[in-house]
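Report on one structure; see the data block that follows.
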C-alpha cells in the first residue's frame, strides 16, 4: 500500500466523492495546512508497519475514526507519518549523541575551551531532541505484540511509560553528561583513580546497551525501503559491532590516563603529563627530555598528534587486545590492569564468536518465518530469471506473494494438516464466519451448514487494477471481500460505488449458474478475497431441499428488487433494450 505513487491512484468519479474533493480544493490555504498537520498524527499507509496490522484502506479509515472520535487530539497513532519521520530523526540523533559522548570524555577532555564548548553545545542540542522524543512517547499509542492490539487510551499509555525501571532507563539516555566535561579535567581526575574509573564505567554501562534502542528506531528505515529481514539483521550486527568497538576504544584510551595521574601516588613524570594536558600549546621535545616513563612518553607524543590519529591508534590496540593477539603494556603495574585486560579479552572473544553464529543463523534458519519469506523471494527471483519474465510481471508476482503472507511465510497446508478436522473447521470458522454470516441468503442457516460453506472457501489475492469480475462474463462463484477495496463499474464504464472489508458480491451465481454479469469489479488496492464456487455450494445445500428452496426464493426476490431499481433509474424500455 505504501508504495503507490500519487499520480497512479484511483481517481474516483462518483458524484458525492467528486463534490467532496472539489470542496477540499476550495478551502483556504491555512485550513489546508492545518489539516495536513493534523493528518500527520493519523495512521498512514506509508508507515511500514501499517500493512502488517491494518491490511486495507478501510481498516486505516476506521482506525483513524476511532482515534479522532474516542481519544484526545494530542494522541499520535504509532503508524502515523509523524512517528515515521520522528523515528528516522531520533535514530540519527541518538547515534550521534552516543558516539559523541565517549569521544568527548576520552579525547577532548583536555582540549581548549572553545573546542569543548562547541562539542557541549552540539550534544546539548541532541539531548533536547531526545527530551522531545521522550515527551512524544507519552502521546504515542502502543502496539501489544502478543495480541497485535493498538492501544490509544491516554491513561494506559501514561502508566505504561511510567513503569519505574523503564522511566529511569529513558531518563538516563538524555541526561546532560556532557556538562561534566567542563570540570572533568579538574575535579574527576583530582578525585583519584577509583572515582574516575567508577565514573567512566557508569557512563559505559548506562549507554552501551542503547544499541537495542538504536536498532528499534533503525528498523523503520529498511522496512520503508523494502530491504529483506536477513540483510537488515546483518546491517544491525555491523552497526552494533562498530558501536561497541567505538565505546571500548574511547575507554581504552582514557582509563590508563586516569590511572596514571592518580593524585595519591603521582610521580614527577606523571605530573609532567598532567601539566602538559592542561597546556594549550605544548613543546613536546622539551617535555620528552624531562621524562623517562614509557607510558608518559607515548602519551606526550600523542598530544602532539591529531585527535583522529589518537582515536585510530586506540582502536587498533583495542582490536588487537579483543582478538587476544597482544596485550597493553602501559599500565601493567596497576592492580586494575588485570581486570581490564580480562574484561576486554572476554568481551572480544564473546563478540567475535557471536557474530559468525548470528550470520550463519541468518543465512540458514528455517524455523524463522521472516527468513523463510526472504528465501522464497530469492527462489522467486531465480524462477523469474530462468523463465525470462518481464519486470512488470515479476513485480506483480512479488506483490502478490507479499500481500498474501505480509512478510511472514508459513506453509498453511502443512500446519492445517497437523490438526484434526474439528480444529481445522474451528480455525476457518473463526477466520471467515463473519463474512458468511453477513450474507442475506445465508441468514438463519444452521451452524453446521455455515461450517460446511466456510470449509469450501478458497483464498485468492488480487492486486491493484486486477479485474475480479468482468461485465458480460458468466458467473460461477460468489466472492467475499476479507480485506481491501474494490470499485464497481457499469457496463458503460460509469463508476457505481466502492466495496470494502466484509462486503460480498456475485451471490446470484450460487443459485443461477452462468448468470451473465452486469458489472465490472476491479481491485483498487491489494485485496484478500474468499471465493465460493457454485458446485461447492450446491454440494453443501442439495441434501437439504427445504433450505435450497428458501435460498432460491430469496434470490428471486433479490433479483426482482434489483430489476425494479434499474427500471426506476433508466426506464423500463431503455433497460430492456440495454439487456438485449
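Here the Cβ of each residue, glycine as well, is placed from N, Cα and C on the backbone.
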*Of 122-145, 218-241, 242-265, which range does TrEMBL call transmembrane segment?*
122-145
*Give the range, chosen from 187-206, 267-286, 287-306, 307-326, that TrEMBL lists as transmembrane segment.*
187-206
*Can you check which of 65-87, 88-110, 364-386 TrEMBL lists as transmembrane segment?*
88-110
_Listed range which TrEMBL flags as transmembrane segment, given the options 46-62, 148-164, 165-181_ = 165-181
_Treating G and I as helix alongside H, and B as strand alongside E, what does DSSP give for the domain 'Cyclic nucleotide-binding' (441-558) in helix, strand and coil?_
37 helix, 43 strand, 38 coil
